[in-house]
Amino acid sequence: MARLFSPRPPPSEDLFYETYYSLSQQYPLLLLLLGIVLCALAALLAVAWASGRELTSDPSFLTTVLCALGGFSLLLGLASREQRLQRWTRPLSGLVWVALLALGHAFLFTGGVVSAWDQVSYFLFVIFTAYAMLPLGMRDAAVAGLASSLSHLLVLGLYLGPQPDSRPALLPQLAANAVLFLCGNVAGVYHKALMERALRATFREALSSLHSRRRLDTEKKHQEHLLLSILPAYLAREMKAEIMARLQAGQGSRPESTNNFHSLYVKRHQGVSVLYADIVGFTRLASECSPKELVLMLNELFGKFDQIAKEHECMRIKILGDCYYCVSGLPLSLPDHAINCVRMGLDMCRAIRKLRAATGVDINMRVGVHSGSVLCGVIGLQKWQYDVWSHDVTLANHMEAGGVPGRVHITGATLALLAGAYAVEDAGMEHRDPYLRELGEPTYLVIDPRAEEEDEKGTAGGLLSSLEGLKMRPSLLMTRYLESWGAAKPFAHLSHGDSPVSTSTPLPEKTLASFSTQWSLDRSRTPRGLDDELDTGDAKFFQVIEQLNSQKQWKQSKDFNPLTLYFREKEMEKEYRLSAIPAFKYYEACTFLVFLSNFIIQMLVTNRPPALAITYSITFLLFLLILFVCFSEDLMRCVLKGPKMLHWLPALSGLVATRPGLRIALGTATILLVFAMAITSLFFFPTSSDCPFQAPNVSSMISNLSWELPGSLPLISVPYSMHCCTLGFLSCSLFLHMSFELKLLLLLLWLAASCSLFLHSHAWLSECLIVRLYLGPLDSRPGVLKEPKLMGAISFFIFFFTLLVLARQNEYYCRLDFLWKKKLRQEREETETMENLTRLLLENVLPAHVAPQFIGQNRRNEDLYHQSYECVCVLFASVPDFKEFYSESNINHEGLECLRLLNEIIADFDELLSKPKFSGVEKIKTIGSTYMAATGLNATSGQDAQQDAERSCSHLGTMVEFAVALGSKLDVINKHSFNNFRLRVGLNHGPVVAGVIGAQKPQYDIWGNTVNVASRMESTGVLGKIQVTEETAWALQSLGYTCYSRGVIKVKGKGQLCTYFLNTDLTRTGPPSATLG
């Protein structure tokens, strides 16, 4: 209870709620309250006129009602401006309450004899509406309710106490009034507490939904950015659908297909130019770099190249070590694709020349360009990378390999498309590359018109930089210079600004402040000013607040039917009606308090006939049975040990909370019991057959004035039966989640029954009470305000309409709460799906252990990711026969069907990665028909140094088994495709540097001598064999594998190396093989 009456905390989110609360509930309810009061006052005048009374004969009544009409009309005018109400909420609410209270006290002394039961229903109305309809806090409402109760009791006690005629019955009546008012206060507190709890829950759900929506939008942006960092937009939609299908089918598995092939996302494009560029001298420079320097250097270089590519409408395809290749004319055809690539190549050479001139480091750029047609898309299931394939792509690669450092080497096809834009000279170097020599076509070197100018300008600066750099390592000097280029960091967009907002993140103070400020202004103003001051997230918040406004129920809604409030979706309506209501037992408990109040009142004001006592006893037992069913689970918790035969009892309360049919039956029965017991005392009145006021004797009513009232007739209980009926109306409002149509039916039923009883069948009791009070003929009857049956009927109608308004609003908010919870649940599920999609996309770019470095930790963006490893096993596995198999003809759709087979090979290789035994294998990339993977990358930094050599290289065995599994997969594909492809594998292990480079298309890669040698082991290998270096052979020997020497072979860039073949026919054995060593 202390929490109910404690002052609200001042945080701005609570201020948000207060503003929302006044907008959504209190503003319309206050207007409706004033409207009901005005209608009731008008009804009083109409009833007085309809009952045959002369309005001018009772000037006090007429004056009171007319003044009240004027005063409440003025209050309605003051409250009709929402911003005024928000600014003056408490004073205006207090003024309305004081006006209601003053009107009630005026009614007490207007129209006739003052009695203890006068205006009790009216004061009950004031008490209940102070909680339910006035915009007051719980503490203020409680003060208003108690003050209303005490004022009525004190005024009547002080006024009637000195009168000897009324003194004997005064105390029981005042006690009955106190019970009525206490019950009204309890019902009001209960209603307000539950409504505030429901409203706060709805508000929190709305805020949570807003946060989830923001988070969902952020995740969508992230996954869109990630998807576009892997693929062009035209393929992104198809690939996204593929990933979503994989998510639904289970991570790592591919969805069921209507055919036996994996999905192929490759298309043919004609009229494109392909550029290959290689940094000459970078391998030697990289060997001198620290891991951080190497990754920074590569990121800056390729970041610069990406910028150049963007300027010249080129699209980077891949980074292969220090090799960079891109295309122009994809995904949209461009007429100047050849010129674009040549310009880009020249700009790349210029950038490297400036770098060399500024640092004195001996590096250069070799560029090759060819124009033709390509097959472009992605293959495989993991580590998707947009790639291009065709004979023209192969030729472009050889153009780079056979080119001249610092020059752009082009083919005749490209030259024809330049249309004289650049001067060229004959390359005359076909002898440098066997492929070009075999092709036999002339090639050309583009003459850069600005090269000589730049050389002259850069000579002095280059010499000066070289002298200054003598004291500094070339790699460090180069790193320092490249930092000035300021290339963006990979995944920079995931590290700040638009990072996902958690559901617990508070709204910004700016939004909170602007909310209270803006809504204190006239809302009829154009919202443009508001939109100018708020960002998109804030604007969405205001849209949510508007949706929470209860006035929306009277407007068109896409979720509700405005008349019935039913959900427009039938499934949602069914789900709402079948939803559980755990608080139903508290509805029953509070209704039981109303029943007890009625019982106490009846015992105070009646003669307590035995039949009434028996009826109440039976009803009391029925109530206890209902409460036992509702609270059986709570009762069983109190009894730790009980008979096993009673262990089924807790299920009863669960059934009540979850079964709507049972709830409706119990709720309806409870309300009907309260209604029935409120009027039961009327049927136990001792009556006389010659009573002139009973219906059969109405014609003799005037002539029979000599008839005497029985002295034992407890007529004072008649108005209290009406008051008990009013409490019966209140019992309907206690069932917050009861459907509006059922409440309407019960209220209509009770209104008809009450009016029928007190205006027709038992109206004679009211007439008898008037005769007894006024001791005179009926023509001296009192005013409307003192006639029990008329005031009782007016009270019934007032409570009927008041509770009908509250019932509709309760229904709206119950449904709104359900709707927001459902939306929040759906948005959270969608957000979770998007997060999984983002994670999958990120893991398609980065290894699983690297991805958290860029997302989920709000990582600082100052440093590039890099990691050095002491022992990593690198695998290159190629299908050399595929080059001969690949052809471009009409039969195979210009090579598309050949790529379909390559896609099957790579996809089957990728499927092996999902097996637990190969969880340590990380796919790096594919280069044509070559598959690159590594193990040992998930080890933490320094871990290898802390373990012995045997354990640190244990993952080499995993890689060998993976290589063998690749061969087995290829054998299966050969069997089904009637081919005889064979795998050529190269393995090497040692230290590597891993990192993420490239802001436009972030790419995870590994570098180092280990990688270069592993590549040479594959390219110099033998079909069907796994070739390894001598050091790797010794490591595998220690793990139980058998290797035999191939001898000394010449390896490009490495000289003479002694290599070994792994005996893949043998599994691990105990003793080492003698063939090694």
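Note: Cβ is positioned from N, Cα and C throughout, glycine not excepted.
Per Swiss-Prot, the features are:
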BINDING   278-283, 320-322, ARG366, LYS925, 1005-1007, 1012-1016, LYS1052  ATP binding site
BINDING   ASP278, ASP322  Mg(2+) 1 binding site
CARBOHYD  ASN697  N-linked glycosylation site
CARBOHYD  ASN704  N-linked glycosylation site
TRANSMEM  29-50  transmembrane segment
TRANSMEM  61-80  transmembrane segment
TRANSMEM  94-117  transmembrane segment
TRANSMEM  120-138  transmembrane segment
TRANSMEM  141-162  transmembrane segment
TRANSMEM  170-190  transmembrane segment
TRANSMEM  586-607  transmembrane segment
TRANSMEM  611-633  transmembrane segment
TRANSMEM  664-687  transmembrane segment
TRANSMEM  715-736  transmembrane segment
TRANSMEM  744-764  transmembrane segment
TRANSMEM  791-807  transmembrane segment
Thinking of Cβ pairs under 8 Å, which stretch from 120-138, 664-687, 744-764 has the most of them with the transmembrane segment (791-807)?
744-764
Cβ-Cβ under 8 Å with the transmembrane segment (586-607): same-chain residues at least 6 beyond its ends:
172-173, 175-176, 179-180, 182-183, 186-187, 190, 194, 616, 619-620, 623, 626-627, 630-631, 666-667, 670-671, 673-674, 677-678, 680-681, 684, 712, 714, 716-717, 720, 723-724, 727-728, 730-731, 734-738
Could you check whether the transmembrane segment (120-138) packs against the transmembrane segment (61-80) - three or more CB pairs closer than 8 Å, residues at least 6 apart in sequence?
no
For the binding-site residues listed here (ARG366, ARG1016), tell me which residue's CB has the most neighbouring CB atoms inside 10 Å.
ARG366
With a Cβ cut-off under 8 Å, give me the same-chain residues at least six positions beyond the ends of the transmembrane segment (141-162) that come close to it.
5, 97, 101, 104-105, 108, 114-116, 118-120, 123, 126-127, 130-131, 134, 170, 174, 177-178, 181-182, 184-185, 188-189, 192
About how far apart, in whole Å, are the alpha carbons (Cα) of VAL1013 (ATP binding site) and ASP322 (Mg(2+) 1 binding site)?
15
Can you give me the same-chain residues 6 or more apart in sequence from ASP322 (Mg(2+) 1 binding site) with a CB-CB distance under 8 Å?
ASP278, ILE279, PHE282, THR283, ALA286, LEU298
Proximity verdict for the transmembrane segment (715-736) and the transmembrane segment (61-80), three or more C-beta pairs under 8 Å:
no
Between LEU320, ILE1006, which of the binding-site residues has the fewest other CB atoms within 10 angstroms in the structure shown?
LEU320
ASP278, GLY281, VAL1013: which of these binding-site residues has the highest Cβ count within 10 Å of its own Cβ?
VAL1013
Collapsed DSSP category at VAL1013 (ATP binding site):
helix
DSSP three-state call for GLY281 (ATP binding site): helix, strand or coil?
coil
